[in-house]
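The region 'Disordered' annotation in Swiss-Prot covers 1-47. Among the features that Swiss-Prot reports, compositional bias 'Polar residues' is placed at 22-31. The phosphoserine feature in Swiss-Prot is assigned to S27. The N6-acetyllysine annotation in Swiss-Prot covers K39, K272. The zinc finger annotation in Swiss-Prot covers 53-75, 81-103, 173-195, 232-254, 260-282, 288-310, 384-406, 412-434, 440-462, 468-490, 496-518, 524-546 (among others).
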Amino acid sequence: MLERRCRGPTAMGPAHPWLFSGPSQESSQPNRGLRYQGKSVAQPGGPAPVKVHRCAHCRKRFPGWVALWLHTRRCQARLPLPCHECNQRFRHAPFLALHLQVHASAVPDLGFICHLCGHSFRGWVALVLHLRAHSASKRPITCPECNKRFWRQKQLRAHLRRCQPPAPEARPFICGNCGRSFAQWDQLVVHKRVHVAEALEEAAAKALGPRPRGRPSVTAPRPGGDAVDRPFQCACCGKRFRHKPNLIAHRRVHTGERPHQCPECGKRFTNKPYLTSHRRIHTGEKPYPCTECGRRFRHKPNLLSHSKIHKRSEVSAQAASHTGSHLIAAEPMAQPALGVPLGSLRTPAEAPASLHSCTDCGRSFRLERFLRLHQRQHTGERPFTCTECGKNFGKKTHLVAHSRVHSGERPFACEECGRRFSQGSHLAAHRRDHAPERPFVCPDCGKAFRHKPYLAAHRRIHTGEKPYVCPDCGKAFSQKSNLVSHRRIHTGERPYACPDCDRSFSQKSNLITHRKSHIRDGAFCCAICGQTFDDEDRLLMHQKKHDA
């Protein structure tokens, strides 16, 4: 909020002389929150460029530096993280950590210094990671295995499932050949294929008999067999490897060790490539582009699965463009060039269908499990239940994303402003706020928007559509927020309470109007001429005279 009392420029102290120096004056003090050295933007039809003044906190732009200064005071008052040295406020902890090193370090060469313990770091990312160690001591729940601390018992249970090796009684399926145990039946079935392959190799060797003397074959086994080719053997299951790093990575299957930890969300992995692939979720990196449509993917298997869609469409197009007249030869040849009779060759139209189709909507899927997941949309089945609130979900990924609402986890961070999100889709939508492009254009008036839902809501102004109907009185609204606000009339809900008295309101605008009654006369003071106003809006209107 704006300053409640008129103290004048001199009452601010000599520490902030740059607040009252105009754009033409130079100041050695670095700007805190103000950026009046904005880019010059030429107005269409005007000869001289106009400077753009941008707020460093919310990126809003203002035509004059006075309006920017007034806005910055209100913007900083709403920020949750205050600096205890100079009372400046910040929205995100990394920005506060960057600011604190100005107070903590008198010598710039020391780098980034922790204000709690005095440790210095070369980069601010290392300082932010170090600050987490101080906050970790306040977490009440401790892991009995690795002493890692958590805020909630649910986070500890999820952590124990990752870091604790499974107990012997949790592996009831035992292989009869080597004695290795497994937690699931399908894992044992996959493992038994190793012994089947070994038995087939032995039977083939006995049937072929000893190799003739002479020059050994390229594929002839060396003396000692696997002991020479694969000298590194696992002491738990007897599996052999050619290289020692492969054996070390394999041992983690038995020990449950996960040494590679994600610095963003704390999830651990057995191999570094798994961690590298996982970190792309936080960074948003998608290094695998499709050469057909340009769509990008985070993992290579996803790209390979996507490319099959284009291949199937090409096959369907070829089958539709060709007719049976030139696919069938007049006189079938006895032996084509490839050595296969033409009668045994199948055209793309005759190829067996390997897709699984939905009986309700006709949509096809490559795998049956994808079809089962899709059919839950028609049946309404929601087998995954949240243990905290009992809400049901049709997909496990939706349950995992929902659980972050209870745990408070926000693993997806914006590189521009540091704001964190619980879902990657929310981060992708937020990134458009930083981008200058507005790809969604209204065909009626030409107004552009960054997000498609904003365009859909705007178009209802032209069409007059009101899809949101109140179930109590039947009144219709074009925006869902208007319906939510209207329903408080029927429910009697008043979520906006005045902090100065006991009154509460159903609309936020009514609360803002009411709070002006608590403000004393002359509470809002102009920093340029000293004139006072009872209303903040009147002060802003007055400031436009100075900007002009």
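Placement of Cβ uses the backbone N, Cα and C atoms for every residue, glycine included.
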Counts of helix, strand and coil residues, the zinc finger (384-406), according to DSSP: 11 helix, 4 strand, 8 coil
Residue counts (helix, strand, coil, in that order) that DSSP gives for the zinc finger (173-195): 11 helix, 4 strand, 8 coil
Residue counts (helix, strand, coil, in that order) that DSSP gives for the zinc finger (440-462): 11 helix, 4 strand, 8 coil
DSSP-derived class (H/G/I helix, E/B strand, else coil) of K272 (N6-acetyllysine): helix
Dominant neighbour of the zinc finger (468-490) in 53-75, 260-282, 412-434, 496-518, by Cβ pairs under 8 Å: 496-518
Chain-internal residues near K272 (N6-acetyllysine), provided their CB is under 8 angstroms and they sit 6+ positions away: H260
Counts of helix, strand and coil residues, the zinc finger (524-546), according to DSSP: 11 helix, 4 strand, 8 coil
Positions whose Cβ lies under 8 angstroms from the zinc finger (384-406), at least six residues beyond its ends: 152, 154, 373, 376-377, 422-423
